[in-house]
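A.B. asks: Pulled these from Swiss-Prot:
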- HIS155: active site, proton donor/acceptor (ACT_SITE)
- LYS159: active site, proton donor (ACT_SITE)
- GLY8, ALA9, ALA10, GLY11, ARG12, MET13, GLU34, GLY98, THR99, THR100, ALA122, PRO123, ASN124, TYR125: NAD(+) binding site (BINDING)
- ARG35: NADP(+) binding site (BINDING)
- HIS156, GLY165, THR166: (S)-2,3,4,5-tetrahydrodipicolinate binding site (BINDING)
Amino acid sequence: MVRIAIAGAAGRMGRNLVKATHQNPLSELGAGSERPESSLVGVDIGELCGIGKQGIVLVDNLEQAVEQFDVIIDFTAPASTLANLALCEQHGKKLVIGTTGFTDAQRQTIEQAAKKIPIVMAPNYSVGVNLVFKLLEKAAKVMGDYCDIEIIEAHHRHKVDAPSGTAIGMGEAIAHAMGNQLSDVAVYAREGITGERSRNEIGFATIRAGDIIGEHTAMFADIGERVEITHKATDRMTFANGAVKAAIWLAEQPAGFYTMIDVLGLNDL
């Protein structure tokens, strides 16, 4: 049984992670944390998340419960995730990262830590999205040289980073399949007189509205035809169940930097 701690357990995603951990027969809830200023610190996590009293209360720092878990699942914010990364390094714990919006320097810090501890980091933990990443690699190799490529993503009004980590992951899959770095070909905004579109660029469009959980489309457009590969999420439990699956898988892995592609065994697809 893998003991899991949920960072940000009182948030929208955190509550789903608590439920997914509780429902999976291979995992159990070990701890949960919230920001120190939260009025929910000290509340029973199970009662908060609707799974019944668990005898585990929210703490404001997972170090207070470090003996109660093997893996942290963190879908919070970059600064909070990096603090939990340091905790995992210090105590030999494992870390599943669903947080997005890291700078290049912060990502390098995570990759460096993975030399000491096992880490799974992915922009999206749904099986469907990770299959889409592989499909995009195939499509890019066939159509990338002659099609215009655009990525459109939509999320709820509360999402704070743009484009989404999943959209960037889609762009990276396409760019790498074509032998490019995304940073060299990405166009994140168009306004005014932009001139003609260059052949190699990958365009991004972002929508923030209502309660959209997550929708992503990659478009390969040629003259006379267009191929679109789309994923639509309708329930956050999709991501939560995938993250718990990753935590259970990670518990048996040596130190290293892994993605959901590794967890699902899709590398050879």
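A Cβ is built for glycine as well, from the same backbone N, Cα and C atoms used for every other residue.
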A.B. asks: Taking only same-chain residues 6+ apart in sequence, whose CB is under 8 Å from that of ARG12 (NAD(+) binding site), what do you get?
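C.D. replies: Expected: ARG236.
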A.B. asks: Give me the largest Cα to Cα distance among GLY8, ALA9, ALA10, GLY11, ARG12, MET13, GLU34, GLY98, THR99, THR100, ALA122, PRO123, ASN124, TYR125, the residues the record lists as binding NAD(+), in Å as a whole number.
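C.D. replies: The widest Cα-Cα gap among those binding residues is 22 Å.
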A.B. asks: When the number of other CB atoms within 10 A of each residue's CB is tallied over all shown chains, which of the recorded positions ARG35, HIS155, HIS156, LYS159 has the maximum?
C.D. replies: HIS155
A.B. asks: What count of other C-beta atoms do you get within 10 angstroms of the C-beta of ASN124 (NAD(+) binding site), across all chains shown?
C.D. replies: 27
A.B. asks: DSSP secondary structure for HIS155 (active site, proton donor/acceptor), reduced to helix/strand/coil, please.
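C.D. replies: Where HIS155 (active site, proton donor/acceptor) sits, the three-state DSSP reduction gives strand.
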A.B. asks: Hey, what's the Cβ neighbour count for THR166 ((S)-2,3,4,5-tetrahydrodipicolinate binding site) at 10 Å?
C.D. replies: 27
A.B. asks: Near GLY8 (NAD(+) binding site), which of the recorded positions ARG35, HIS155, HIS156 can be found within 10 Å, Cα to Cα?
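C.D. replies: Close recorded positions: ARG35.
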A.B. asks: Among the binding-site residues ALA10, ALA122, which residue has the largest number of other Cβ atoms within 10 Å of its own Cβ?
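C.D. replies: Within the set of binding-site residues, the most crowded position is ALA122.
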A.B. asks: Rounded to the nearest Å, what's the C-alpha distance separating THR166 ((S)-2,3,4,5-tetrahydrodipicolinate binding site) and GLU34 (NAD(+) binding site)? Just drop the number here, would you?
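C.D. replies: Cα to Cα, THR166 ((S)-2,3,4,5-tetrahydrodipicolinate binding site) and GLU34 (NAD(+) binding site) are separated by 25 Å.
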A.B. asks: Write out, in the order they occur in the sequence, the residues of the chain not among HIS156, GLY165, THR166 that have a C-beta within 8 Å of the mean position of the C-beta atoms of the recorded (S)-2,3,4,5-tetrahydrodipicolinate site.
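C.D. replies: Residues close to the (S)-2,3,4,5-tetrahydrodipicolinate site, other than HIS156, GLY165, THR166: THR100, PRO123, ASN124, GLU153, HIS155, LYS159, ASP161, SER164, ALA167, GLY214, HIS216.
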